[in-house]
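Among the features that Swiss-Prot reports, signal peptide is placed at 1-22, with the record citing sequence analysis. For 23-107, the entry in Swiss-Prot reads domain 'UPAR/Ly6', with the evidence type sequence analysis. The annotation disulfide bond is assigned in Swiss-Prot to Cys25-Cys48, Cys28-Cys35, Cys41-Cys66, Cys70-Cys87, Cys88-Cys93 on the grounds of similarity to another entry. For Ser95, the entry in Swiss-Prot reads GPI-anchor amidated serine, with the evidence type sequence analysis.
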Amino acid sequence: MTPLLTLFLVVLMGLPLAPVQALDCHVCAYNGDNCFNPMRCPAMVAYCMTTRTYYTPTRMKVSKSCVPSCFETVYDGYSKHASTTSCCQYDLCNSAGLAIPATLALAPVLLATLWGLL
């Protein structure tokens with residue numbers, strides 16, 4: 001192999017295959033109902049995350065952030081407060097909150113309330 005070809009291959013292997021572009025997410029810490037605060041996330045972040053915590057059927061708080069890994073969760077019915085987490089991977093995808101119907105989102109709260117009455 002010629003020295004020029006070797007140098008070309010070494011330089012080519014050092015180049016990234018595609019430019020790395022940072023993800024844009026809405027970011028807020030426990031806002032009242034929802035928030036719209038766009039922010040450029042660090043390069044190693046792969047997900048926008050939204051967490052909603054329901055204290056009562058009419059009182060909830062929303063938290064949105066940039067996270068390197070994310071696990072979607074739905075309220076399990078065993079803790080005092082209902083909490084759900086949603087993850088997505090494109091710019092400003094967490095603007096609308098959780099992509100589940102409101103009746104489904106409130107179902108765990110209603111079940112927890114009924115469980116507490118028993």
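Counting starts with 1 at the first residue shown.
Cβ from N, Cα, C; glycine included.
Owing to the predicted nature of the structure, the values given are computational and were not obtained by experimental measurement.
Features as recorded by Swiss-Prot, highlighted on the structure.
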| residue | record | Cβ contacts under 8 Å, 6 or more apart |
| --- | --- | --- |
| Cys25 | disulfide bond | Pro38, Met39, Cys41, Val45, Cys48, Met49, Lys64, Ser65, Cys66, Asp91, Leu92, Cys93, Asn94 |
| Cys28 | disulfide bond | Cys35, Asn37, Val62, Ser63, Lys64 |
| Cys70 | disulfide bond | Ala46, Tyr47, Met49, Thr85, Cys87 |
| Cys88 | disulfide bond | Tyr47, Cys48, Asn94 |
| Ser95 | GPI-anchor amidated serine | His26, Phe36 |
Cys70 (disulfide bond), DSSP three-state class -> coil
Excluding its own, the Cβ atoms lying within 10 Å of the Cβ of Cys35 (disulfide bond) add up to 18
Its Cβ having more other Cβ atoms within 10 Å than any other among the disulfide-bonded residues Cys41, Cys48, Cys66, the winner is Cys48
